[in-house]
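Annotated features, as they stand in TrEMBL:
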type	residues	note
DOMAIN	A:4-288	domain 'FAD/NAD(P)-binding'
DOMAIN	A:324-390	domain 'NADH-rubredoxin oxidoreductase C-terminal'
DOMAIN	A:422-469	domain 'BFD-like [2Fe-2S]-binding'
DOMAIN	A:558-621	domain 'Nitrite/Sulfite reductase ferredoxin-like'
DOMAIN	A:630-767	domain 'Nitrite/sulphite reductase 4Fe-4S'
BINDING	A:Cys638, A:Cys644, A:Cys678, A:Cys682	[4Fe-4S] cluster binding site
BINDING	A:Cys682	siroheme binding site
Amino acid sequence: MTQRLVVIGNGMAGARTVEEILARNGDFTVTMFGDEPYGNYNRIMLSNLLAGVETEEGIFLNDLSWYQENGITLNAGVKIARIDKDSKIVIAEDGSATPYDKLIIATGSYSWTPPMKNVHNPKRGYHQGVFAFRTLDDTRGMIRYARDHERAVVIGGGLLGLEAARGLQNHVSHVTLLHAMGHLMERQLDPKAGAMLQASVEGKLGIEVVTNAMTTEILGKDRVTGVKLADGRVIDCDVVVIAAGIRPNTEMVANSGLPVERGIVVDDQMRVEGEQDIYSVGECAQHRGNLYGLVAPLWDQAKVLADHITGTTEVAYTGSKLHTKLKVAGIDVASMGLIAPEHDTDEVVVYNEPKKGVYKQLIIRDDVLVGAVLVGDNSKAASLIQAFDRGTPLPEERAGLIFDLGGAVEESAEDMPDDAQVCNCNGVSKGAICGAVADGCKTVSGVMDKTRAGKGCGTCKPLVQRIVEWANGGAAEEDPAASWYVPGVPMPKPELMAAIRKYELKSVSSVFDTLVPGAQHDAKSKMGLASLLKMMWADEYVDERDARFINDRVHGNIQRDGTFSVVPQMKGGVTTPAQLRKIAEVAEKYDVPMVKLTGGQRIDLLGVPKEKLPAMWADLDMPSGYAYAKSFRTVKTCVGSDFCRFGVGDSTALGIALEERYQGLEGPGKMKLAVTGCPRNCAEAYVKDLGVVAIDGGRWEIYVGGAAGAHIRKGDLLTTVDSPEEVIRLTGRFLQYYRENANWLERTYSFVPRIGVDRIREIVVEDSDGIAAALDAAVEEAVQAYKDPWKERAEPATPGQFRTSLPLTVLPQVPVRS
Amino acid sequence: MTISAIEKTVIGSIDDIPLGEGRTFTVEDEMIAVFRLRDGSLRAVSAVCPHKGGPLADGQIDNRVVVCPLHLFSWDLATGCSQSGQPPITVYPVRVDGDLIVLGE
């Protein structure tokens, strides 16, 4: 039966809770009461409104039409005077009574005014020229008044006070910030960070800051002329803004006989203590002794309340870990957990660069982050907040926690404008990502599928994740498929491989038929599965043409216009005049629009129509280099010892030997290698999936996990060996270990740090797990199973295999037969 | 969902399209990609990807979707609706008649 839900409070908490209830199809007729005569708006954005970077329109979360569309009766500007819990009605100040079956109290907070003389005018509330900073009306009044005045004082050096000071600079020429405590933001920052922030606020923004400043009196009779401090100092001003803190709005609730301590006392289901049908959420609610004044906990509470009220029984709010990450008056500040160590054993990591205004402090207990303060640089805030929230063990390299060590700089999701391009491959903006979230995609992978963001080179994935989390209000929903190897088969890699072995599944279709509920095939999983099966079964793999990507079906690399490129094999980058001549002749004969050297030291014949491929391959009569698929690609080499003055090892010969042996090897990601003949590194071996560097004394260093593509990473030294044979053997063993253990599309630059190079060394070099022989045997089997795929070039494997799929040329019309 | 009315046309033999693949045909100046699903049935959609003009007939399919080979945007083969934020593609009626592929109602 439809129940009557009444919500007192139309702010962020009240409206959000109603949104959550609507999203769960709760069967309610909803009536809302709000003090303010508006729909609900984002109070956090009032600072931006004051600063002139946001319009009033832009801060509304739900305008009045939202209430209409959702059948909500909104009583805006109507204040509730009393709750009669026995009769289950709420009585408004205008005398009207509204019955409820369920009641939610979300009355939020009011701006607290510290005791000081002359702050109120007996006739009209605040003294003219004195403003609180809490509501849209406060902000409007402040802007109107400040416009005609010169000097402003802001009382309160917390977040809000700083924001107010920054915003007021837009309207008056001089702003002084008074803070009663010893340093700014003392609840979030330690004294050093507070001092650093103060220096930035003064130096960069030109806001005068006075700490230990207890304001005792507003001076001036008809208009404000200044404020007086406890120590007798007088600060001249004509506008005063009070931002000294907030207090929960609980008076009416307490007067109605409900339990109120610091806030309205609620249990883990957000029920008011002792009440079955009355709930409270947001800043006015006191949960397990805590009051929350930030938006993220409020959203968690709204979810729990909505779940509970719509019938989910097993749901509880257990409190929130508090963290903030924001620009305070234009300066990056982040804070979470402890601001000072509590135990002797707490590890404190501090970085302090006063000249730049950068300060970072971490407090670590038992390898877990229990507190962090960042000022002046928030680039690592997102990952620290994640580590703090989840309590995950921290990496040994603490420096990486506070600096970007060669990685991409983390942009703040919140600070980016809507039209900022996030995915530079597929041209996806922050707005498009947020739009997908708003349309109901709550998981990172869901948003990536929907928008294609992060589906190009993949470097933007962490940013996409942060934006999705931000758009979701702090955390994206867990995607159950996140741990699956491919999206269409509900199993992580080890389980999937075990099942494939158990049922002896040797073709892609048999995997779908056996392991997917409903035997549903999935086009997007085929490539990953084909690669996995080929790795597992070598020559026993049952090749199905529809499991092949187009490149594998026609043995060319598809280009943006639907043509293909032909890349003759050129092992180690070495060729002969005869080969060059032949390539040139073929290129001329087939009118190849572009002949290009590739990054992998090969010749690329670009722009070949599909239908010309077989004839071209026949004329070339050279094997193709692997220029496609997730497979072993090339081995780049330098000149080496034969000709180079500095070469200490024959990199060319070793590169050719490696390429010859491991050609065509498929894996979860591309495998690009290089061998360089001396540490001058002309072949760029330090930034390859596996790079080999000749060093003096006939020895070879092997690096793994390097990258110089979308990601740049210097490989980790795996080991140093004495002979080329040893390099070839360990290369195969490492690649096989990677093939068996990496996630689909996980390149070595992610895989190696994930497993850890020390662990990989134990397994691959020292054989700590006793699997080295098995790895060697598996890679040997794969090598033996290699077949030159270009053998089928003369004889199409399927009808129309090489027929064009694009209107590059006008196709003959199909005759119409009736 | 866009379904195009097209005159009934026999466009070739079912053997022209291997199971699980697609081929392009031109009918009445329209480029149409016809796919033969693993269950033997056919689907026909406009042949050019609305994203960057990729050849959909070269895409990978299952029984529901086709994935463009260029940037892996995907469409529902029955409705033409994009699954990845792109405009819809046109769906054409197609069926098997004996061993012939018949396009249009």
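Numbers here mean position along the shown chain, with the first residue as 1.
For all residues, glycine too, the Cβ spot is worked out from N, Cα and C.
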Tally of residues which DSSP labels helix, strand or coil - the domain 'Nitrite/Sulfite reductase ferredoxin-like' (A:558-621): 27 helix, 15 strand, 22 coil
Recorded stretch, among A:324-390, A:422-469, A:558-621, maximising Cβ pairs under 8 Å relative to the domain 'Nitrite/sulphite reductase 4Fe-4S' (A:630-767): A:558-621
Around the Cβ of A:Cys678 ([4Fe-4S] cluster binding site), the count of other Cβ atoms that are within 10 Å: 22
Assigned conformation of A:Cys682 ([4Fe-4S] cluster binding site) - DSSP reduced to three states: coil
Stretch-averaged pLDDT - the domain 'Nitrite/sulphite reductase 4Fe-4S' (A:630-767): 93
Secondary structure content, the domain 'Nitrite/sulphite reductase 4Fe-4S' (A:630-767) (per DSSP, counts of residues): 49 helix, 36 strand, 53 coil
All-chain count of other Cβ atoms within 10 Å of A:Cys682 ([4Fe-4S] cluster binding site): 18
Per-state residue totals over the domain 'BFD-like [2Fe-2S]-binding' (A:422-469) - DSSP helix, strand, coil: 26 helix, 4 strand, 18 coil
Output field, [4Fe-4S] cluster shell: CB within 8 Å of site CB centroid, site A:Cys638, A:Cys644, A:Cys678, A:Cys682 dropped: A:Val639, A:Gly640, A:Phe646, A:Gly647, A:Ser651, A:Thr676, A:Gly677, A:Arg680, A:Asn681, A:Ala683
Counts by DSSP class (helix H/G/I, strand E/B, coil) across the domain 'NADH-rubredoxin oxidoreductase C-terminal' (A:324-390): 13 helix, 35 strand, 19 coil
All-chain count of other Cβ atoms within 10 Å of A:Cys644 ([4Fe-4S] cluster binding site): 16
